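Peer 1: Pasting the relevant annotations from Swiss-Prot:
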type: ACT_SITE; residues: GLU88; note: active site
type: DOMAIN; residues: 14-175; note: domain 'TIR'
type: REGION; residues: 1161-1195; note: region 'Disordered'
type: REPEAT; residues: 581-606; note: repeat 'LRR 1'
type: REPEAT; residues: 614-636; note: repeat 'LRR 2'
type: REPEAT; residues: 637-659; note: repeat 'LRR 3'
type: REPEAT; residues: 682-706; note: repeat 'LRR 4'
type: REPEAT; residues: 708-728; note: repeat 'LRR 5'
type: REPEAT; residues: 729-749; note: repeat 'LRR 6'
type: REPEAT; residues: 750-774; note: repeat 'LRR 7'
type: REPEAT; residues: 796-818; note: repeat 'LRR 8'
type: REPEAT; residues: 819-842; note: repeat 'LRR 9'
type: REPEAT; residues: 843-860; note: repeat 'LRR 10'
type: REPEAT; residues: 861-887; note: repeat 'LRR 11'
type: MOTIF; residues: 1170-1177; note: motif 'Nuclear localization signal'
Amino acid sequence: METSSISTVEDKPPQHQVFINFRGADLRRRFVSHLVTALKLNNINVFIDDYEDRGQPLDVLLKRIEESKIVLAIFSGNYTESVWCVRELEKIKDCTDEGTLVAIPIFYKLEPSTVRDLKGKFGDRFRSMAKGDERKKKWKEAFNLIPNIMGIIIDKKSVESEKVNEIVKAVKTALTGIPPEGSHNAVVGALGNSNAGTSSGDKKHETFGNEQRLKDLEEKLDRDKYKGTRIIGVVGMPGIGKTTLLKELYKTWQGKFSRHALIDQIRVKSKHLELDRLPQMLLGELSKLNHPHVDNLKDPYSQLHERKVLVVLDDVSKREQIDALREILDWIKEGKEGSRVVIATSDMSLTNGLVDDTYMVQNLNHRDSLQLFHYHAFIDDQANPQKKDFMKLSEGFVHYARGHPLALKVLGGELNKKSMDHWNSKMKKLAQSPSPNIVSVFQVSYDELTTAQKDAFLDIACFRSQDKDYVESLLASSDLGSAEAMSAVKSLTDKFLINTCDGRVEMHDLLYKFSREVDLKASNQDGSRQRRLWLHQHIIKGGIINVLQNKMKAANVRGIFLDLSEVEDETSLDRDHFINMGNLRYLKFYNSHCPQECKTNNKINIPDKLKLPLKEVRCLHWLKFPLETLPNDFNPINLVDLKLPYSEMEQLWEGDKDTPCLRWVDLNHSSKLCSLSGLSKAEKLQRLNLEGCTTLKAFPHDMKKMKMLAFLNLKGCTSLESLPEMNLISLKTLTLSGCSTFKEFPLISDNIETLYLDGTAISQLPMNMEKLQRLVVLNMKDCKMLEEIPGRVGELKALQELILSDCLNLKIFPEIDISFLNILLLDGTAIEVMPQLPSVQYLCLSRNAKISCLPVGISQLSQLKWLDLKYCTSLTSVPEFPPNLQCLDAHGCSSLKTVSKPLARIMPTEQNHSTFIFTNCENLEQAAKEEITSYAQRKCQLLSYARKRYNGGLVSESLFSTCFPGCEVPSWFCHETVGSELEVKLLPHWHDKKLAGIALCAVVSCLDPQDQVSRLSVTCTFKVKDEDKSWVAYTCPVGSWTRHGGGKDKIELDHVFIGYTSCPHTIKCHEEGNSDECNPTEASLKFTVTGGTSENGKYKVLKCGLSLVYAKDKDKNSALETKYDMLIGKSFQETSEGVDGRVKKTKGKYVMPVEKNFQETTEGVDGRVNKKKKTRMDNGRPKKKQRSGRDDNQTRMQVELQEGNINSVIMHTVKNF
């Protein structure tokens, strides 16, 4: 017997450079597919597990991780649902611990802290998945360590194509720093032998990762590429390795120039020397004079004017230093072409208008960081056999340093020759405060800041990872104006004390810890300096909030940030506690463990007559604020951000108060809130979140003054009946979801882009709806009073998504032309005629009891990719579907009898995955089933051709699947058996260059007709035995059914599942290594049925089948050549159904001796027909065969051959054989 294919990995494992760890259901067909393509275009060999239901067995995947050099760990929302992802992550951590793997974490629409600390739904899914698993602790360690590596963040504002390029660049950079396997500089060798890669008698250089840095810098200085004089700036944060890089550059390049000079420590020298000494020092180095004078430069100028010079200036810190050297720099630029000047600084602004290009020194990658740390931690004993015992602790220090070379050097030196107990103790101390030697490095840059910049730096540390606009707004309302705040952020960015990424302000962890240390030192001195309090132990003492030691210290408290999740005991707050805090700007009582901030038990006891005279407060966050209103003495004159979720408030404050700076208000789930009158003067308000304020009935008319309001969330305000007439010109997002008493929607802004009216009581849209020319999303789901959609909706030229699900009384959809409409959801409506919109890509008509047929013109909807017809119980037939349709879901169409012939047009070049689902279509006629199977066969054949032609079958993936009621394996499957297991023997060269994919089939029966499931998946695991008797297992999906939207359903009838997957990667490797060898292969297949993540014992595989699919030979002119694998055995069964479906199948058997020549049939355009044999087995016994006449068939063969129907000719030939 014979089967599909897979190559062995034990014999010749593929040398993958990059392994991608990701959750397939989230990212496979979007982000990851683009990333894989980009990596391959850059000649980077990448491995991914290609199947959603887990393609490879875990041991194979773990082996792939070990064989890889780099891992991309992509954390997405549903990552922790998969135990496979987490076990891969555990392996990744182990390999990085051993120093054999570089991990690059990618946070896909997640915060790194969410992953690291397992917060929110991400953490909830992990705890649910890992419940009761003894490996939970190890997994948590992996989540704690891997996300701490400097990674790449992709949020909602990111342009994914740009992020893909950034990842590819990071991978290429990492690969260049990884020595070839077997070289002396490989990580394993470097960790085991301090002399690896060094010449005899030479001490190994104490830095790592400089080779690629030097190469990148040299590219910017290239004398062949850039003929003129060139000035390059080398920039980066303090301690990042600029000085080391420049010394290496100078050492390498000085021999290329007749005159060269290196002036280092310019920052320090400028403090002890007059600035006019700098040009004298430089000129002296260039001219080789001991005491040159700038006043008399004629001789040095004339001497050097015709020479190419190299000048390296290190640690430039002020504009005055540049100005002092300007005359000489200008002279160099005017001199002979080919000179090079390199200026290193930690202040990017100093290079503006001076340099031709800039090189930014980045953090070290994980591998270089580990090597550098180990070099200094074991500097006198590199061959220490106990080094492996320190590996886990080493990882902790490396993660702490986050690729910062100086920190790695300092920490390694402090731990050299120390015991493991000392290492553990040091790690605990670092959690409290950074090393003084690290602090001193940053202190130099901090001391050079102005007072305003220092305050801005320390304030930003309190709000890192927040939007830049938000941070600048907080700073602008402090001692700085708007322009000054923006200038402060830019200055700190230029000095690399902060950085902006995707619109957010970030700060390196070491700088963040440094900022806290600065505040702590300020408190421990005389108490006269303003400070910010982060640690709860500094805020709460003895069961009371006791920040104050005296009035002077209270007056200098600038911020209080209390994490309520860390408050274990009941704590009392005195009514006069804040009375002396006149300078308090930031007050936050929050919960870091619950992002939605809803589960906290409020352990802070607050008196009713609390005094809150906080005139200077800019940010007020108080989770579950217990009072009905803010105290009367509260003055919001400088308030920018007010967040009081789940509060007991009825109104903000009594009367009107000036709020000229207020921009963000969040009062979500304040269920007693009934008045918003306090916001009547908040004319600069931009975001207002009132979700879940169930008592709120109306908006004040004064809110029409909010001309800057862009976001208004009223979701779940169940008492809200209407909105006042107003024109909020900046409003872009309006959410009224679940406002069940809201009856009439007035047009309150012409600029709305996203409008959510789902679950409201509105019965019609406003008459002037056509004014919403920027509207992109309109959601009216579950508007049960809505009876019609006005034709003027067709005038909304920007509308892309229209959701009308469960609008039970909606019977007619107007004939409109919305040229950009991509998504139309009409499920649960009473519409009788399907609308035809040429641009629609996703159309949902499910749960419609009125539609009995679909329009024939649907085949012309070339953009339609997803058609949902689930539970359309009156639907009796479907017409031909368009060629680009990727998913058809007709589950539960109980009246469906017929389908079009052909079912859908197939484009010869299409490569998209497609799924056609007909589960629980109990009245489907036999002719319809035969057309579905015929379509599946044609689809497999054309897909094999397209994949081979357009990507050479490089990427293995599931390309087509279908399922429908039935009990037989289609006749075009070459191998069939009863039961769930199939054993085959494949002939020599079965894996030749034309093998494109594998077609699989399983007949599944439900043992308990009353059983209900939400998901059903059929997978096939097959093992291939090669000539060395080793087995390789490979798993791929056959087909699946999922009940979307929750709930469960019965699968009562037997169902046929057919799936086609492109050639697996392991087969490709086997093919490349053994294409000329003649090796028979044994294979076995096992089909299983799972519900969710575990095998479902209530479902049984009755029959199964296999066919290998081959693409046409590129040297032939036929449109397609399909060849079938054949069996070495005694049984024979023919295939007699052509591609066009016109030839009916017959079954039978011949019992033939093994020594007979059984040859496969492959028909080309030259008309030559070779013999082919095919076998069908029933429990290992051959079935009986009835022979058919040959004369009519011979005539038909000639006609078919003339018409180019090659596959029909093949089937006839086999039949007559």
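Using N, Cα and C of the backbone, Cβ positions are placed for all residues, glycine too.
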Peer 1: Is the repeat 'LRR 10' (843-860) packed against any residues at least 6 beyond its ends, judged by a Cβ distance under 8 Å, and which are they?
Peer 2: 805, 811, 824-834, 836, 866-882, 889, 895, 904-905
Peer 1: Suppose we draw a 10 Å sphere around the Cβ of GLU88 (active site). How many other Cβ atoms does it contain, all chains included?
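Peer 2: So the number of other Cβ atoms within 10 Å of GLU88 (active site) is 24.
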Peer 1: Residue list, the repeat 'LRR 2' (614-636) vs rest of chain: Cβ under 8 Å, 6 or more residues beyond ends.
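Peer 2: Contacts of the repeat 'LRR 2' (614-636) (Cβ under 8 Å, skipping residues fewer than 6 from its ends): 463, 474, 477-478, 564, 578, 581-591, 597, 600, 602, 606, 608, 642-654, 657-659, 661-662, 672.
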Peer 1: Across the repeat 'LRR 5' (708-728), what are the DSSP residue counts per state (helix, strand, coil)?
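Peer 2: Summed over the repeat 'LRR 5' (708-728), the classes give 0 helix, 3 strand, 18 coil.
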Peer 1: Can you name the far-off residues of the same chain, 6+ from the ends of the repeat 'LRR 5' (708-728), with a Cβ under 8 Å from a Cβ of it?
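Peer 2: For the repeat 'LRR 5' (708-728), the sequence-distant neighbours (Cβ-Cβ under 8 Å, at least 6 residues beyond its ends) are 663, 668, 683-701, 734-746, 748-750, 756.
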Peer 1: Are there residues at least 6 beyond the ends of the repeat 'LRR 7' (750-774) whose Cβ is under 8 Å from a Cβ of it, and what are they?
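Peer 2: Residues 715, 727, 729-744, 780-790, 792-793, 795-798, 803 contact the repeat 'LRR 7' (750-774) from elsewhere in the chain.
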Peer 1: Going by DSSP, is the residue listed as 'active site' sitting in a helix, a strand, or coil?
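Peer 2: Note: the residue listed as 'active site' is helical by DSSP.
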